[in-house]
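**Student:** So TrEMBL says this about it:
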- B:K7, B:Y8, B:G9, B:G10, B:T173, B:D174, B:Y179, B:R184, B:K209, B:V210: ATP binding site (BINDING)
- B:T47, B:E74: substrate binding site (BINDING)
- B:265-340: domain 'ACT' (DOMAIN)
- B:346-407: domain 'ACT' (DOMAIN)
2 protein chains.
Amino acid sequence: MALIVQKYGGTSVGSVERIQAVAKKIKAFSEKGDQLVVSVSAMSGETNRLTEIAQEIQDVPSLREMDVLLTTGEQVTISLLSMALQQLGCDAISYTGSQVRITTDSAHGKARIKSIDDHRIHASLGAGKVVVVAGFQGVDEEGHITTLGRGGSDTTAVALAAALKADECQIYTDVDGVYTTDPRIEPNARKMNTVSYEEMLEMASLGSKVLQIRSVEFASKYKVPLRVLSSLIDNPTGTLITSEENIMEKAIISGIAHNKDEAKLSLIGVPDKPGIAFKILKPISEANIEVDMIVQSVSAREGLTNFAFTVHRNDFSKAEEILQKVCKGLDAKAVQSDDNVVKVSLVGIGMRSHAGIATQMFEILHEENVNIQMISTSEIKISVVIDAKYLELAVRSLHAAFELDKE
Amino acid sequence: MALIVQKYGGTSVGSVERIQAVAKKIKAFSEKGDQLVVSVSAMSGETNRLTEIAQEIQDVPSLREMDVLLTTGEQVTISLLSMALQQLGCDAISYTGSQVRITTDSAHGKARIKSIDDHRIHASLGAGKVVVVAGFQGVDEEGHITTLGRGGSDTTAVALAAALKADECQIYTDVDGVYTTDPRIEPNARKMNTVSYEEMLEMASLGSKVLQIRSVEFASKYKVPLRVLSSLIDNPTGTLITSEENIMEKAIISGIAHNKDEAKLSLIGVPDKPGIAFKILKPISEANIEVDMIVQSVSAREGLTNFAFTVHRNDFSKAEEILQKVCKGLDAKAVQSDDNVVKVSLVGIGMRSHAGIATQMFEILHEENVNIQMISTSEIKISVVIDAKYLELAVRSLHAAFELDKE
């Protein structure tokens, strides 16, 4: 008898009919004999509805009271889903985050789970019940209600699985798994059967935002086997995200990620003195702008260097403004900026033991006349920044050249 | 510095605008320097909305899950009201029933409060905050969410006042106090400044259902001064419900209550043997029918007796059917039934020390040619059952004769 934690998102429980459909799925699953803990989100639209009411009342809604307000969303879902299960003759019981002591820190609106009391859940499972737990919510040490922030239901499910030492944590969503690349760009993209936590974290930006990054980090930390599957089809197999050592056939390249939200900023001809990286990036980070890739290169002219980095496209003009000031202060030649770039990344744990992947990637892009503007590498990822117009071409040619469409 | 518990019902917090209006009242009150604990209901309509969804899902909704579902209603209100207070610059904090350990028995849907942990509330009051507590809800010893049943918010407020040893519990509603009789029947009805718990309990049926009976019982038990006042007017004084010993000027008659929901059933000519009352009423109570007045009288024929009682009009035909069977079993002459009767009651603690009130009442009714069908008396109440058509006449003539329109 296995213990499975399942998570259904807001869309899956967005109406009475959908709650009833989810109940049917759960009942069928529970009849196979496994123990089931189900974590659910608020019905889709509910969180937005409550947020709008709060905004009518308070200019900057209190984070503590927002958490009291928003957690009613999942509380409604757990009771309705439990009723729907009981109606089908499947014994079920609901618990709020407070009732199973999903203890978090006190960071309202973005709390982090510290522990879960598994005692009650095990008792209810032992009594033959399906246990329905409110996702997204917890309580701090003093009993104040907290939320994990948007998408936190994934994290709740993984944390439940970790606390209960579940055999698998299944995240039901509207996609049927993790693909080798965004299928909207490359129709030959293939659903992976397994992928490692590390790769999944690097690929988090892959097209459809399949999983919250934090839930993958959590799963990785506690070695929770995590499966993403579709709630729209019968008997889905999805993609299993697990430890590297559990993956038998390690592909050299697992997938190709891309990010369209990048913008590039360069400071050209900076006098090369110690501390220039710090002097350039400090005002940027002080403006709460997150920097992604950073590349420092030697300039053609002696004693001068070029410094480039990427930011989210939303922060582009603000960052550019700041950089213009920095340019004067550092006596640099010029600021070059380009918000028409994308980042394409090759991801694969096999890279660790295979040299020459980067060279091969650059060659493929060169053959397609794709000019590489920035390069950044990690142990299991190679990212390049290229002109936005080459995005599809780059993804498709890399996908084909590395034969990602084949098992 | 006094400690006041206030309660606002669902209509008072039925929209964003009304929540803002209540917040203004609370702020003005708190600026007078008193400590304030506010108990609120769900926004009007919300409980019905949730109940309807549950009924769509489960034929007979689980009582436990209904409580999980319905308690979200007040949880929404407490957070929104706290936000509205904060927006006005009035520091406030919300607590669910679970958070202040409003501990109840486990009777889901109609739980009774056993204790309240006043520790947190006192701490928040000490920190200068208005404390907003969800009405209607609690948790049982095992932490399961419970509700006190409809109207339970009044009881929560009184229980909070008792636990906190508050100076007064104020129930804000849409009437401005307790009247000597139903003003819709007698326009000269006068708002009372004070009334005793005992009288209030006897008068609970007075026209507008001002207070939940349970909350008055609770207030009486714990000697909580309870004030009913209007949330629609400024600086209301309302009616104070308190212990008899706190009432200086004890009126002989405080008010005239009436009840239109009565129906009368009589068993005529029952052979007078021991145990007939039991034999008649047992099948009635087994059918979950509550009996109000009971009168047993000697019949004109020797050895026979007449037995009459009243039930709620909704139970009339069911009770009549049962009584027909009882009639045969007891070899009685006949069943007489009349669902066109009303009950009119004189209530006053002064009756204890004044003889002759009953005689006076019967005389007044006789003068108006109102025929009395049943009489029942308690220490502080005299009730008569009369033909429904005489209701207004009886109430008005008694109100005038006992000079209830005068202080």
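The backbone N, Cα and C atoms fix where each Cβ goes, and this holds for glycine too.
Just so you know, TrEMBL annotations never went through curation; they're auto-generated.
Given the structure is predicted, the values throughout are model-derived calculations rather than measurements.
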**Student:** Check the DSSP secondary structure of B:Y179 (ATP binding site), expressed as helix, strand or coil.
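**Tutor:** Where B:Y179 (ATP binding site) sits, the three-state DSSP reduction gives strand.
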**Student:** Using B:T47 (substrate binding site) as the reference point, find which of the binding-site residues B:K7, B:G9, B:T173, B:Y179 has the shortest Cα-to-Cα distance to it.
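**Tutor:** Nearest by Cα distance to B:T47 (substrate binding site): B:G9.
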**Student:** Give the residue counts of the domain 'ACT' (B:346-407) per reduced DSSP state, in the order helix, strand, coil.
**Tutor:** 30 helix, 16 strand, 16 coil
**Student:** Between B:Y179 (ATP binding site) and B:E74 (substrate binding site), how many Å separate their Cα atoms?
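**Tutor:** That separation, Cα to Cα, works out to 30 Å.
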**Student:** Non-local Cβ contacts of B:T173 (ATP binding site) (under 8 Å, 6 or more apart, same chain)?
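**Tutor:** In sequence order, the residues whose Cβ lies under 8 Å from that of B:T173 (ATP binding site) (at least 6 apart) are B:G9, B:S12, B:V210, B:V228, B:L229, B:S230, B:S231.
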**Student:** List the residues of the same chain that sit at least 6 positions away from B:E74 (substrate binding site) in sequence and have their Cβ under 8 Å from its Cβ, in sequence order, or write 'none'.
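**Tutor:** Within the chain, B:E74 (substrate binding site) has Cβ neighbours under 8 Å at B:V40, B:S41, B:A42, B:T96, B:G97, B:A134, B:G135, B:F136, B:Q137, B:S153.
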**Student:** Just going by other Cβ atoms within 10 Å, which of the binding-site residues B:G9, B:Y179 has the emptiest spot?
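**Tutor:** Looking at the binding-site residues B:G9, B:Y179, the Cβ with the fewest others within 10 Å is that of B:G9.
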**Student:** Count up the helix, strand and coil residues in the domain 'ACT' (B:265-340) according to DSSP, in that order.
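**Tutor:** Split into helix, strand and coil, the domain 'ACT' (B:265-340) gives 28 helix, 29 strand, 19 coil.
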**Student:** Can you give the mean pLDDT for the domain 'ACT' (B:265-340), rounded to a whole number?
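**Tutor:** The average pLDDT of the model in the domain 'ACT' (B:265-340) works out to 88.
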**Student:** Return one of helix, strand or coil for B:K7 (ATP binding site), based on DSSP.
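**Tutor:** Assignment for B:K7 (ATP binding site) reads strand.
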**Student:** Quick one: give me the count of other CB atoms within 10 A of the CB of B:T47 (substrate binding site).
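**Tutor:** Here the count is 20.
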